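Visitor: The annotation transmembrane segment is assigned in TrEMBL to A:12-36, A:48-67, A:73-95, A:107-128, A:163-181, A:209-233, A:239-256, A:263-282, A:302-323.
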Amino acid sequence: MTEIIFFINQVVISGLVLGCIYALGAIGITLIFGILRFAHFAHSELMTGGAFIAFLLASAFAAWGIVTPIPTGFVVLPIAMVLAAILALGIDKGFYAPLRKRGAKPVTLLIASIGVTLMVQGLIRLFFGAGSYSFFENEPKEIFRIDTSALGSTRPLVITEPQVLMILVTLVSVIALHFFLTRSRLGKAMRAMADNADLAQVSGINTALVVRVTWVIAGALGCMAGTMLALDVTLKPDLAFNIILPIFAAAIVGGLGQAYGAIAGGLLIGFAETLAVFNWTMLFRPLNAILPDWAQLPSTLALVPTEYKLTVAFVILVITLLVRPTGIFKGASS
Amino acid sequence: MIQRSLTLFGGLFVLILVVGWVMGLPFTSSRLVEAAAYALIALGLNIQWGYGGLFNFGIMGFLMVGGAAVTFISYPINPDFWGSDGPMMLGRALLAFAIGALLVLAARQAHRVGITGKWKGALTVLAWFVAYVLYRSQLDPAAAYIESAGGGWVGGLGAHPVLGWLFGGVLAAGIAYVIGKICLGLRTDYLAIATIGISEIIRALIKNMDWLTRGTLTVSPIPWPTPLPQNYQAGGMDIASSLLLARAGYLVLALVILAAVMWLISRAYAGPWGRMMRAIRDNHIAASSMGKNVTARQLEIFVFGSVLMGIGGAMLVSFVQIFDPSSYQPINHTFLIWVMVIVGGAGNNWGALFGAVLLWLIWVISEPLSKAIFDMVSYWSTNVGWGAIPEIEARSAQMRVFVLGLVITIALRFAPKGLIPEVVKREG
C-alpha cells in the first residue's frame with residue numbers, strides 16, 4: 001500500500017497539477033489560434049505578467065495587513081485576471097491589430113508575438129531583476145498530510161493547500177468556459193468564427209467583439225495559469241517562458257482551435273512528463289519478493305532520466321505532428 | 001536601391017567606427033569577429049526563410065551542434081579515455097543502436113510479410129521501444145563508466161579547427177536532413193513549433209551527455225585556427241598589439257569564408273536553382289504543377305542553410321575558446337538571428353549581412369548604453385531627492401532583450417520587408 005500512496009504523491013498529484021497549468025495555458029493559445037489564426041508565442045508573457053500582477057496585489061494586501069483564510073494569491077486572483085485581460089487587450093491593440101489591419105500573414109503575426117515576448121520579458125526583468133519571488137513569504141504554505149495507516153500504508157498522502165485550490169479553481173473555470181462556449185450567444189459566435197471567419201462575419205456576428213472577448217479569456221486564463229504555477233513553485237521572470245513549448249505541445253496534441261482538446265492535451269502532457277521520469281521500481285518493489293534472483297528490479301527503472309523531463313513534451317509533440325497533425329480532436333488545419 | 005544600400009552600409013561603417021572609438025579597439029575587434037560569424041548564420045537563415053520560405057526556429061540547435069563538432073575535432077586527444085575500456089563500451093552502444101535501427105526499419109517493412117494496418121502500427125511501436133531499451137541498456141553503463149573511470153569524457157581528435165568547422169557543417173547537415181524529413185511537410189506555424197521543440201531536445205542532449213560533450217562542466221581552451229595572442233606574445237610582442245594582430249588574423253579568415261559563401265549563394269540565387277526556389281516559396285502548388293519536386297527541393301534548401309548555421313556556430317565557439325552548453329538560450333541564438341534577417345531584409349543577401357552586423361552591434365552596445373542612461377537618470381533622481389536606481393548593473397544587462405523586442409516590433413510595423421528588401425526582377 002505504501003507504494004501506491006507513493007505513486008499517488010509522485011505521479012497523480014503532481015501530474016494533475018502540471019496538467020491543470022498546461023491546460024489553462026493551452027486553452028488561451030488554442031482560442032487565439034482558432035479565432036486569429038496565428039501561434040501566439042507571447043502567451044508565456046501573459047502568464048508571467050499575470051503572475052507578477054497577482055504578486056504585486058498580494059504584496060499590497062500583505063502591506064495593508066489584510067489576512068485571508070486561504071492563500072492571498074487566490075484571493076487576489078480575480079482582480080489580477082481582470083488586469084491581465086486589460087493587458088492582453090492592450091497588447092492586441094498596440095501590436096497585433098495594426099498588422100492585422102494591413103492584412104499581414106499569420107507568419108508576420110507570429111514574429112510580432114515573439115517581439116512582444118521579448119519586450120514584456122525585458123520589462124519584467126527590468127523592474128523585478130532576475131531573482132525569484134515567493135507568494136509565501138508572509139504566510140505559511142499549508143501542507144495536508146492525510147494519514148493512510150488505516151489502509152496499511154506507512155506514508156501519508158501529501159498535498160499542499162495551493163494544489164487543492166488549484167485543482168478546484170481549474171475545474172470551476174473549465175466548467176464555466178464550457179457553459180460560456182455552448183450556451184451563451186457570444187460563445188456560440190466564437191465557435192462560429194473559429195470554424196469559418198468569413199461566414200461568421202456575413203451572418204452578422206460582430207467579429208471585432210469576438211476578437212476582444214478572445215483576448216479577455218486568453219489573458220484571464222493565462223494569468224490564472226501563471227499565478228497558480230507561481231504559487232506551486234516560485235515566481236521568476238522566465239516562469240512561463242520555459243514551459244511555453246509544452247503548452248504549445250498540449251494545444252497541438254489536443255488539436256489547435258479546440259478548447260476541449262487543449263484541456264485533454266494539457267492533462268496528457270502533464271501526466272506523460274511525470275510518468276516518464278517516475279521511477280517504476282518504487283511501485284513494483286514488492287514484486288522483488290516473488291521474482292527470482294536473476295529478474296530482480298534494478299534500483300532505478302525510469303523511462304527517461306529526470307534531466308530530460310521537458311523533452312518528453314517535445315517528443316510527444318513531434319510524434320503527434322507526424323502521426324496525426326490535426327491532434328486528438330480534429331483541429332484547425334489552415 | 002543601390003544608393004540606399006550604399007548609404008545604409010556607409011552608416012553601418014560609421015557606427016562601427018563610433019563603437020570602436022567609444023568602447024576601444026580590443027572590444028570592437030572581438031565583436032567584429034563575432035559579427036562575421038553571425039553574418040554567416042544569418043545568411044544560412046536567409047537561404048531557408050528568404051529563398052525557400054521555410055520557418056526554421058531551431059537555429060540554436062544547429063549552433064550547438066556546430067560548437068560540439070568543433071570541440072570534438074579540434075580539442076586535444078584525451079589519452080585516459082582511449083586507454084580505458086570506454087571505446088569498447090561505446091562501440092557496443094553503437095552496435096546496439098544499429099541493431100535497434102534495423103529492428104525499426106524491419107518493422108516498417110512488415111507489410112511485406114502480410115502484417116498490415118493496426119498490427120503493423122503496434123509492431124512499429126514495439127520495435128521502437130525494444131530499440132530504445134536495447135540502446136539505453138548499453139549506453140548507460142558506458143556513459144557512467146566514462147564519466148567516472150574512463151577519463152571523464154571522450155575528448156577531442158586534435159585536428160585543425162578549420163576541419164572542425166567543416167565537420168560542424170556536415171553534422172548540422174545530417175541533423176537537418178533528419179529534421180527536414182520529419183517536419184518539412186508541416187505548415188508554417190507547426191514547423192516553427194516543431195523545430196523549436198527539436199532544438200530544445202538537442203540542447204537537453206548536449207547539456208546532459210557529459211561523456212561526449214562534458215555538458216555543464218564546459219570545455220576550454222579550444223584552439224584557434226590562426227595564431228593566438230599568446231603565440232605573438234611569446235615572440236616578444238606587447239599585449240595590446242598581439243591581441244589586435246591575432247584577432248585581425250581570425251577576422252580575415254572569417255571574412256574570407258564569408259565572402260566565399262556570399263559569392264556562392266548569390267550566384268545560386270541568380271541562377272535557375274534560385275528562380276525555382278523563389279517559385280516554390282511564392283506558390284508551391286503552382287511550382288509542383290510545373291513538375292518541381294517541392295518536398296525534395298525544400299529539404300535541400302533546409303540542409304544548405306543548416307550547413308552555414310553549423311559552420312557559424314563552430315566559428316563562434318572556436319573564437320571564444322569555450323564550449324558551454326548552458327550559455328545557449330533561444331533568445332540569444334534563435335530569435336536574435338531572426339530579427340537580424342527580418343530587419344536586414346529577408347531574401348536579400350546584402351540585407352541579411354547588413355542586419356546581422358547591425359543587430360549584433362545593437363545587441364552588444366545596448367547593455368553599456370542603457371547602463372549609461374540609467375546612471376544619468378540615477379544621478380538626476382538622486383539630486384531631486386528620489387534616491388538612486390538600485391542594481392543598475394543587473395538591470396542594464398536585461399535591457400538587451402527589451403531592445404531586441406523593440407527593434408523587431410518597429411521593423412515589422414514600418415519596414416516589414418526589411419531595410420534592404422529583396423529586389424523582385426520582372427523579366428519580359
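Cβ atoms here come from the backbone N, Cα and C positions, even for glycine.
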Visitor: Do at least three CB pairs under 8 A connect the transmembrane segment (A:302-323) and the transmembrane segment (A:239-256), leaving out pairs fewer than 6 apart in sequence?
Guide: yes
Visitor: Any chance you could find the range in A:48-67, A:263-282, A:302-323 with the most Cβ pairs under 8 Å to the transmembrane segment (A:209-233)?
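Guide: Per the Cβ under 8 Å count, A:48-67.
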Visitor: Applying the under-8 angstroms CB criterion, which one of A:48-67, A:73-95, A:302-323 scores highest with the transmembrane segment (A:263-282)?
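Guide: Looking only at A:48-67, A:73-95, A:302-323, the most contacts with the transmembrane segment (A:263-282) come from A:302-323.
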Visitor: State the residues, same chain only, that lie 6 or more residues beyond the ends of the transmembrane segment (A:302-323) and have a CB under 8 A from a CB inside it; answer 'none' if no residue qualifies.
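Guide: For the transmembrane segment (A:302-323), the sequence-distant neighbours (Cβ-Cβ under 8 Å, at least 6 residues beyond its ends) are 242-243, 245-246, 248-250, 252-253, 268-269, 272-273, 275-280.
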Visitor: Cβ under 8 Å to the transmembrane segment (A:48-67), counting only same-chain residues 6 or more beyond its ends: which ones?
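Guide: Those are 73, 75-77, 79-81, 83-84, 87, 120-121, 124, 128, 133, 135, 138-139, 219, 222-227, 229-230, 235, 237-241, in sequence order.
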